[in-house]
Structure formats: C-alpha cells, structure tokens
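Features reported for this protein in TrEMBL:
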type: TRANSMEM; residues: 22-43; note: transmembrane segment
type: TRANSMEM; residues: 55-75; note: transmembrane segment
type: TRANSMEM; residues: 87-107; note: transmembrane segment
type: TRANSMEM; residues: 141-160; note: transmembrane segment
type: TRANSMEM; residues: 172-195; note: transmembrane segment
type: TRANSMEM; residues: 215-232; note: transmembrane segment
Amino acid sequence: MALASFTARFKQFVTPDALRSYLAEFISTFFYVFVVVGSAMASRKLMSDSATDPSSLVLVAIANTFALSSSVYIASNVSGGHVNPAVTFGLAVGGHISVSTALFYWVSQMLASVMACLLLKVATVSQDVPIYTIASEMTGFGASMVEGVLTFGLVYAVYAGGDTRSGPLRSIGPLVIGLMAGSMVLAAGPFSGGSMNPALAFGSAVVAGRFKNQAVYWVGPLIGAAVAGLLYDNVMFPGHVSGRVNSDGTTRV
C-alpha cells in the first residue's frame with residue numbers, strides 16, 4: 001500500500017508538464033549562470049587588475065541584470081522562472097509550490113549551474129572559473145547576513161513582480177527582478193560577492209574544486225528568501241495569493 005501510494009505521488013511529478021517545467025528551469029538557470037560567471041571571466045581577461053577595478057563590478061552587475069531578466073522571462077510561462085534555489089525555497093515556504101516540486105527544481109538548477117561552469121572551464125581552457133569569496137575583513141556570519149539581506153530584496157521583488165494585482169505592470173516583473181539583482185551586486189559585490197543564488201555559488205565551486213565559505217551562500221539566502229515570502233504573504237498582503245498555482249504544483253510568478 002505504501003509503495004503504491006509513493007508510486008502514485010511520484011507520477012504526479014514526472015508528468016509531461018512537470019518535466020517541461022524542470023527543463024525550463026535547467027535552461028534558464030544554465031544561461032543565467034553562463035552569462036554571470038562568463039562576464040566575471042571576461043572582465044578578468046580584459047583588465048589587468050579586475051579585482052580592484054570598479055568597471056569590473058559594473059560589468060558584472062549589468063550582466064547580472066540582463067541575464068536574470070531574460071532568464072526569468074523565458075521560463076516564466078512554463079516553470080515560473082525561479083532560476084534560483086533561494087527563490088524556489090521562498091515560494092515553497094509561502095505555499096506557492098509543493099516541497100516535492102521544489103526539490104526537483106533544485107536538482108535542475110544545481111545541475112544547470114555545474115554544466116554552465118564546466119562548459120566555461122572547457123571552452124576557455126586557460127582560465128580558471130571564479131568562485132564567490134568574502135572580503136578578508138568580513139566574517140562568515142557577517143557575509144551570511146549580507147547575502148540574506150540581498151536575497152530578501154530579490155525574493156521580495158519576485159513576489160511583488162508576480163502579484164496579480166499589479167495589472168499591466170506585471171509584464172515588467174522580470175525586468176524589475178533583474179534590476180533588483182543588478183543593484184544588489186553593485187552594493188555588495190566587493191564584500192560577499194553578491195551571489196543571492198546558491199546554485200550560482202555551488203556550480204562555480206564544484207568546477208573550481210574550492211568550497212571555502214560555501215555555507216555563506218546557502219544559509220543567508222535561504223533564510224532571507226523565507227522571511228521575504230512570509231512577510232509579503234502574511235504581513236503586507238495577508239490572505240492574498242500573489243501568484244497562480246499550476247496543475248503540476250508550480251507557481252507562475
């Protein structure tokens with residue numbers, strides 16, 4: 001009986017619609033990570049001291065803005081365009097997506113990130129894939145707080161951008177989300193890296209083979225995402241559903 005129940009529940013998450021949503025998350029996350037990590041590698045190649053050159057930070061922030069806006073847009077009608085395990089977690093905490101579907105999304109996002117970074121590593125040959133690191137004067141706890149605040153802002157923008165009460169303004173939701181991410185990179189890039197995305201940090205770390213301070217890019221963002229989701233749904237707009245739940249358990253935001 002238990003096996004039959006498990007099989008029935010599992011089949012709900014491998015329907016054609018569900019598989020398309022996982023693929024959409026993979027594709028959108030792949031290109032997002034490819035652009036963000038690739039822009040960091042490009043700035044390092046073009047600038048002799050990209051670590052201290054402000055224009056390098058601006059370049060990565062602009063790339064982040066364009067890449068996230070585009071990635072959210074291309075996947076929004078299929079999977080909701082999460083592109084980020086923290087966003088998925090925040091929506092799961094808010095009840096907009098089932099826990100099981102969230103886990104499948106996480107697998108798609110993490111795999112996409114690793115594949116994107118691996119492709120960059122193989123294609124560029126001589127260049128190392130950059131990883132997210134914290135400033136020498138910061139502690140892991142402080143960096144986690146920064147990443148948590150950044151991710152709070154990003155996930156809050158996701159909720160607001162997908163709110164059905166926005167009317168015609170909802171169509172610019174992906175752009176708003178991208179602009180929020182880019183501004184956060186400008187604000188905190190030199191301190192914690194401004195990842196806001198566990199998959200982004202994880203993929204580059206796996207390919208580079210360096211996991212120092214990796215917890216910073218998980219603990220902070222997941223907590224920040226959860227707080228943003230709970231605050232938006234239960235304090236700012238209690239009793240209002242900000243997104244539409246699809247038949248496969250996903251939410252279009």
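Every residue, even glycine, has its Cβ placed from backbone N, Cα and C.
Beyond its flanks by at least six residues, the transmembrane segment (215-232) meets 85-87, 89-91, 93-94, 96, 132, 134, 140, 143-156, 159-160, 192-193, 195-198, 200-202, 242 of its own chain at Cβ-Cβ distances under 8 Å. With a threshold of 8 Å between CB atoms, the same-chain residues lying at least 6 positions outside the transmembrane segment (172-195) that come near it are 57-58, 60-62, 64-70, 72-73, 76, 81, 132-135, 138, 143, 146-147, 150, 153-154, 157-158, 160-162, 166, 201, 216-217, 221, 253.
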